[in-house]
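Asks: Before anything else, here's the structure in question.
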């Protein structure tokens, strides 16, 4: 019964209160900062795309060029197995298998092949133009072919090239020119044949000591065949060596040869340039569209970063090696502590956030004779929202120099360069990834500090208004020394609290209670004092009862003196 009286006493003593706090929810989102790991926040935004659809798709409505079982060389030279590629429309990117079967059917090499593929990565359409028609080589045989490039079981040759051999027993000097009047730059490919022995040389070209000369305003190349015995490839001991150049507008290319010339019948006008690329993959085009393509699959996202593949084509996020990039946009999420104790106190911002406040990030909880409730502080919440709205864009702007992995290729003789290039690219990507991760950590630290600062500013705003008309309870709450109805509470919230109006009432109520001061003593200390007093009183009553009983039965003599 005494405890009930004590609780009622404490309840009666408790004054009106206003608390400053912040929003919390059931979110389990976690972010990292410079100083902390796995900080639970109310709101966060994942800015790293980790998924793709596993498909090769049209890019912005334009299909890629599927080389199927052909290589770039097989396509450009016109391998008979690649006839489907003789005429191709505009492409968005090129799909080439890792090891296509149909390349140089007649064995040999392609000079600066990797550089050519790099050039093609910036082209989205070739227009094939006949530059040196085969029927104009009237003094030479133009039907040269090989079983290595068989077509329907018979010997054939690259469709876009002309293998010039002797006519009868003569091979007069072959001289032809082409002037580029197409209005665009043009890719020109030619070759030289290296026979297996001198008898093959005479059988094909009659002449020995031959040469092939090619010249433009910027090129002067003269080559001679290297006659040597070699192991047979595709049944051939000879080799063909192909070269290429870009012929500028109005420039002229001149060919001159006394034998062994593989002449171009067609050139490739670069009719459209764009951000293309060569995807090394075994995949095939599927019925889908995307704005961003990788060799592994298409990415459809609005996020600023991805970790899928360094080689991308289209409007793509920036590539990083990170496994996780989460940007904090909300506050630290500390669920409200529902520990009401003897007073039914509402936890303030020190103890935890409020799930009951749903219309803002920061705000108030008040309790008085008219009731209690939450109210968000619209002004501070809106300022915070404005400050964080463009945070993702800010991160992107700070990382606006994308490191591009262009998928360079190297020949077998350039392995050291390839390894060095790979190490450099890996190093750049490591630095790029570190910068992105560090930027996110710093932004998260700033965001959480920003929210903490806003809560503190709101607290200070209330404290400066109330001054000594209320006492700070140490948990984000103030207890008034005067009665504060709803109108009074609203004036505190909107910053129009009239200190002088309540000053006298507060002075009267600030008189400290002598003995036990509730303002600085905990519940357990109060209960301990109560228990001590109650125990002493019970002991005194017990001793008095025993004494009266002993006096009544004669065990104790009692004398009352007046």
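Cβ coordinates are placed from backbone N, Cα and C, and glycine is handled just like the others.
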Asks: Of 179, 553, which one does Swiss-Prot label N-linked glycosylation site?
Replies: 179
Asks: Can you identify, from 505-525, 526-546, the stretch that Swiss-Prot calls transmembrane segment?
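Replies: Spelled out, Swiss-Prot records transmembrane segment over residues 526-546, not the other listed ranges.
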Asks: Hey, which of the glycosylation sites 25, 38, 179, 300, 509 is the loneliest by Cβ count within 10 Å?
Replies: 38
Asks: Here are the glycosylation sites: 180, 494. Which has the lowest count of other Cβ atoms within 10 Å?
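Replies: Comparing Cβ neighbour counts within 10 Å for the glycosylation sites 180, 494 gives 494.
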Asks: Would you mind checking how many other C-beta atoms are within 10 angstroms of the C-beta on residue 484 (disulfide bond)?
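Replies: Step by step: centre on the Cβ of residue 484 (disulfide bond), count other Cβ atoms within 10 Å, giving 28.
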Asks: Whose Cβ, among the disulfide-bonded residues 57, 105, 149, 292, 488, has more other Cβ atoms within 10 Å than any of the rest?
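Replies: Counting Cβ neighbours within 10 Å, the top one is 105.
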Asks: Relative to the Cβ of residue 316 (disulfide bond), which residues of the same chain, six or more apart in sequence, are found under 8 Å away?
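Replies: Non-local contacts for residue 316 (disulfide bond): 291, 292, 294, 299, 306.
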Asks: Just counting, how many other CB atoms are there within 10 A of the CB of residue 26 (N-linked glycosylation site)?
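Replies: Result for residue 26 (N-linked glycosylation site): 8 neighbouring Cβ atoms inside 10 Å.
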Asks: Could you find out if DSSP has residue 488 (disulfide bond) as helix, strand or coil?
Replies: helix
